[in-house]
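What Swiss-Prot annotates here:
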type	residues	note
ACT_SITE	E45	active site, proton acceptor
BINDING	G17, P18, F19, G20, I21, G22, K23, T24, R176	ATP binding site
BINDING	Q86, R182	substrate binding site
Amino acid sequence: MALPRRPPTLTRVYLDGPFGIGKTSILNAMPDHTPDGAPILKVYEPMKYWRCQSTDLVVAANETPERRRGGALSRFQSDMIMASIQARFADPYLLFHERLSSKCRGKIEICDTPAIILMLDRHPVAAILCFPITRYLLGEYSLEMLISSIIRLPLESPGCNLTVTILPDEKEHVNRICSRDRPGETADRNMLRTLNAVYASLVDTVKYANLTCPYEKESWEMEWLGLPWFEESLLEEFISRPRPVICSRTRMPLDRTLLAIFKRKELCSENGELLTQYSWILWGLLTKLHTINVELFDISGMSRRECASAIMHTMPERLSTLASWNDLCELEDDVISYNKGMCNEVGASR
């Protein structure tokens with residue numbers, strides 16, 4: 001009697017982090033196949049969608065706060081425009097995430113020989129969480145709009161690998177942004193510092209969620225009460241504080257996570273407890289992040305090929321997802337269609 005054929009596996013890796021440090025270049029340097037011949041599919045940043053519709057979203061996102069500061073827009077008008085822009089940034093990620101999630105059947109811990117490797121330029125968490133939080137901390141996005149954005153974060157299917165790339169050398173980061181000279185893009189050092197801090201805190205948040213959800217809600221609520229109010233005086237500390245690496249088996253202190261910035265009197269009762277609806281939202285955020293396998297990848301001093309090689313070297317250690325052969329064939333078509341319709345990369349199917 002023949003043994004049942006083992007279902008194929010899919011390894012998916014999201015490459016994320018602050019803009020301008022070379023994620024797309026790393027993606028382009030990835031090989032088209034593994035040494036065993038498995039295809040490596042690449043999903044690029046949806047720059048065509050962002051820039052080639054009726055509004056250039058990159059330009060609008062940077063111009064709108066300037067218009068408010070110049071008096072051309074009220075705070076309310078600016079908030080509404082920024083919320084709309086940020087939602088449109090997120091739309092392509094959410095669209096592809098929904099299609100991809102339907103093909104992920106279950107998690108296995110390690111797979112040396114996946115049938116397909118999928119490399120994606122950013123996870124939905126970038127447009128829904130990291131950039132809105134950065135804008136909020138810079139005073140360019142309201143707290144209520146930030147809360148509204150967080151609700152949109154989708155549930156994550158098993159087997160998600162998130163690699164957050166960082167480039168601590170601020171001068172090098174600025175040089176890279178200036179050298180690519182994209183219209184409407186600015187190398188604002190304050191924004192870069194804030195964005196880097198947010199991404200570093202995202203890693204801590206995911207690690208906290210890994211060990212807290214779904215069974216430690218009461219413990220989380222007790223830790224929450226011990227957090228200080230996130231007043232303006234804590235903003236600089238959040239941005240500049242050192243974040244030493246903590247063992248993944250040790251629960252991260254809550255004050256190192258992104259949740260700490262939500263300890264605001266607008267969201268809490270007098271004793272510091274979250275109001276019910278905001279408790280649902282923030283606990284929901286943790287539960288959506290808790291299945292993600294996250295790592296911090298410092299690319300300092302590395303060429304794009306060295307970065308790609310390092311990612312490939314650790315591929316056997318990443319989580320994989322069971323799929324079906326029909327799903328994987330459809331996924332390859334989805335990647336080709338998405339890149340063609342949404343992205344500027346020519347012929348970027350693999």
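Each residue, glycine too, has its Cβ placed from N, Cα and C.
The model shown is predicted, which means the values in this text are computed figures rather than measured ones.
It is R182, among the binding-site residues K23, R176, R182, whose Cβ has the fewest other Cβ atoms within 10 Å in the structure shown.
A separation of roughly 11 Å, to the nearest angstrom, links the Cα atoms of R176 (ATP binding site) and R182 (substrate binding site). For the ATP site, whose binding residues are given in the record as G17, P18, F19, G20, I21, G22, K23, T24, R176, the maximum C-alpha distance rounds to 14 Å. The Cβ of Q86 (substrate binding site) lies under 8 Å from the Cβ of A61, A127, F131, P132, R135, Y141, M145, S149, each on the same chain and at least six residues away in sequence. Once Cβ contacts within 10 Å are tallied over all protein chains shown, the recorded positions G17, F19, I21, E45 are led by G17. A straight line from the CA of R182 (substrate binding site) to the CA of the residue listed as 'active site, proton acceptor' spans 14 Å. Cα of K23 (ATP binding site) to Cα of E45 (active site, proton acceptor): a distance of 10 Å.
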